[in-house]
Amino acid sequence: MKHLLSIADLDRESAVELLDEAERFEQALLGREVRKLPTLRGRTVMTVFFENSTRTRVSFEVAGKWMSADVINVSASSSSVSKGESLRDTAMTLRAAGADALIVRHPASGAAHQIAKWTGAADDGGPAVINAGDGTHEHPTQALLDALTLRQRLGDIEGKRIAIVGDILHSRVARSNALLLSMLGAEVVLVAPPTLLPVGAHTWPVTVSHSLDAELPGLDAVLMLRVQAERMNGGFFPSQREYSINYGLSEKRLAMLADHAVVLHPGPMLRGMEIASAVADSSKTAVLQQVTNGVHMRMAVLFRLLVGSEDGAL
C-alpha cells in the first residue's frame, strides 16, 4: 500500500491488519516512562491542513512523535498558499524539501488523490500521502479508528447493526464508515432527513431510514454526525430545534438503546443539537476512547506506509 486515500485502498484483510497493528502499538507503549518508539526515526512527516482541525491534526502529530519521526506542520494560512501559490507547487515543494509522508486535509474532494499523482509513486521517491479529509468525500483514518473503538466495545463488528445519523450529505466520515463497516460485516443504516442524504446513497452498501426512534432499539452502535452548516448554502431543515427534536440523541432516546450499545461521534460535537450534553458525557459514549484510538490507529497507518508489515518489530 503506497497511500491511504480512500477506504477503497483497503480490503477486509488489510483493514483488520491495521486494526490489529493499532492495538499492538497501544500495548507497546504501555508501561513506558517515555512514550517513544524508534520506529520512524529519521523519517519526515508533514501535516498539510487547509481546513481547521483539532482531533485529526493533533493525533497525527502525536502518532508521528511517539514513533520518533520529525513532524512538521504546514498551515495554509502561514504558507505561500496565502500568497496565491498553487496546490501543485506547494505539494512539489514539500516533496523537494524531503517529506516522507504528507498528511493532507483540504476542502476540495479529491485533493489528496491529486497530490499523490503530482508527487509521484511512493516507491519512486515520492512521499506517502494520507487523506486526512477531502471535502465531503472521505476520511479513511477516522473510519478505521471508529472501527477499532467499536471492536473494543462490542467484541466484534461482524453482524452488528450500526446507524450513522445526521448530516450524511456533507459528511466524509459517513462515506468512509459506511464502506469500512460494511466491509467488516456490519449492517449499516443511514438515518437522516431526505434533504441530508446524498443522491447516490442508494448505491452504498447500506439501508436508509428517516426515523431515528424506529431504529434505536435494534442498534448495537450509533454514530452521531454534526450538521455542517459551513458547507450549506440553503435551508436543509426548518430549524435547529426541529432537527434536534427529530434527529438529536437525547437522554430519552439513549434509554431506548440496548444495554451493550455504544455511541460514537467524530467531533466536534454540537451539544444540544445532535447530541444532548448528558448523553455526550455518559458511559455509553466513547468519544474520548475514539481520540485515544486515533493516535494508535494513525501510528499503525504511518508504520504500514513508511515501514511496511514485513520490515521488523515495533
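Keep in mind that glycine also has a Cβ here, set from the backbone N, Cα and C atoms.
Among the candidates Arg88, Arg105, Arg304, the residue that Swiss-Prot names alongside Arg55, Thr56, His139, Gln142, Gly267, Pro268 for the carbamoyl phosphate site is Arg105. When the C-alpha distances from Pro268 (carbamoyl phosphate binding site) to the binding-site residues Lys83, Arg172, Arg226 are tabulated, the minimum falls on Arg226. Counting only same-chain residues at least 6 apart in sequence, those with a Cβ under 8 Å from the Cβ of Arg105 (carbamoyl phosphate binding site) are Val48, Phe49, Phe50, Glu51, Ser53, Thr56, Arg57, Ala132, Gly133, Asp134.
Spacing of Arg172 (L-aspartate binding site) relative to His139 (carbamoyl phosphate binding site) is 6 Å (Cα to Cα, whole number). Counting Cβ atoms from all protein chains shown, Lys83 (L-aspartate binding site) has 6 others lying within 10 Å of its own Cβ. Among the listed binding-site residues, namely Gly267, Pro268, the Cβ with the most fellow Cβ atoms inside 10 Å is that of Gly267. Secondary structure at His139 (carbamoyl phosphate binding site), as computed by DSSP, is coil.
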